[in-house]
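Pulled from TrEMBL, these are the features on record:
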- 390-496: domain 'TMC' (DOMAIN)
- 116-138: transmembrane segment (TRANSMEM)
- 187-206: transmembrane segment (TRANSMEM)
- 274-301: transmembrane segment (TRANSMEM)
- 321-344: transmembrane segment (TRANSMEM)
- 365-384: transmembrane segment (TRANSMEM)
- 399-416: transmembrane segment (TRANSMEM)
- 423-440: transmembrane segment (TRANSMEM)
- 452-477: transmembrane segment (TRANSMEM)
- 498-523: transmembrane segment (TRANSMEM)
- 559-580: transmembrane segment (TRANSMEM)
């Protein structure tokens, strides 16, 4: 009897929901004190009921109205199914919850940042592949080079005549149908890259502003300790593992908040303060001196490396080895110097773990951005003026090798820096204990890799696809290494502002520095005469100027010409835009 009564009540509920409007029905289902699975079942039954009623009224509807209503219902059901699919397959959602519960928000912020960068590169790859690479395939010539496998490391050889590099793309207007629509590769290349950077600029600004407002300007708008303790439990959670994970997550968050409130203030005597200042000063001198020496080494190695490429090699193996010297040395510097910075940080007595991490990040960003700056100077002033037939492809190959070797060193760093450190700390020297996850070093590795990816977009449009694979593997390797080898931070502390700091470092100096490099490449440098979509032009930007001159002859395109002359080429417009942005 109870079963039939419950069945009748559910039928009545479904009929009532089916008679409501879409917005009312959604709100009513959301307010039900049921699990998400039960709500989805009710929603699907309601949609079936609506479809059944629409069929019964089919004799009263005209064929056009009936078709439109059927399409609307089908699209609604497809959208609901799609949202469920993405909800189930949401990238590493459960992993992030486990990391936050076990290791706190400081370590979690690294994985959130990595996931965010991965999404960024997926967007970049789709843009470049859709508007640059796919049209090029229509005019592509067959690749006559043989594939040996070494190209996966060097990026040269077979890859040189593929869509991976700038030199492969044509400067012709692609048209497969006579007197049909055409596709100007010069304009497509420069506008796609330009539009992508504009979108990235806006996304970074919006994300940074949103995170800054949340964590710095109005942090009280978000739940405090009392509300976390009394009001944040989700009573729809019924699975035992999910309940325990939620409990641990809330416990970690409350501990972090209490640590922030009850932060211990260290009081130093006058002598201790002088000693601390001396240690800080010596550490900064040592870190800046190390960064300067590393930049000098990279510069001299890169110039000698170019001489070897210009002269050529008779032995293919020797040539392949010579190509890897610069990226290997650069990755060695980027891998081992941060360990030296971490050691310096342990010598200094910081008031909180946050100060230690921020100082380490500052030293690492100076090192990595300085090395990238030296490499950019080498590419734009030495490689671009060399005797190479296609200097843009040579730059793309250099960046490809840097990204691949840096990825390999990142994996090796997880093995030697965390796995072997755990073995030593648990067997050889027990007093060391398990290692902690080095947030500063790992975050700067991501920013360094993303900076190289942004620079490469003009010289190698498909590099973001390689970075997608790289970041996906790094995510899982770092997750496994964290769970197996590392211990939670000894001092629990809240790091709500850290994600904002990561985004700011990604924006400046990384993204703005990349914009400067692309700007110099497009406006100042002369393209190669024998390769690429801009061959034969005085500068890459000349393609836009020539297009505007053609549009001046068409009355319907006068508005484009006006925008170009009054906005794009106006210093006043960019000054106002920069002022508004800042």
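Cβ from N, Cα, C; glycine included.
Annotations in TrEMBL come from automatic prediction, not curation.
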When counting Cβ pairs under 8 Å to the transmembrane segment (498-523), the leader among 116-138, 274-301, 321-344, 365-384, 423-440: 365-384
Residues of the parent chain within Cβ reach of the transmembrane segment (365-384), under 8 Å, 6 or more residues beyond its termini: 287-288, 290-292, 294-295, 298-299, 302-303, 306, 330, 333-334, 337-338, 341, 391, 394-395, 398, 402, 444, 447-448, 451-452, 455, 505, 509-510, 513, 517, 520-521, 525-526
Positions whose Cβ lies under 8 angstroms from the transmembrane segment (423-440), at least six residues beyond its ends: 103, 106-107, 109-110, 338, 342, 357-358, 360-361, 364, 417, 482, 485-490, 498
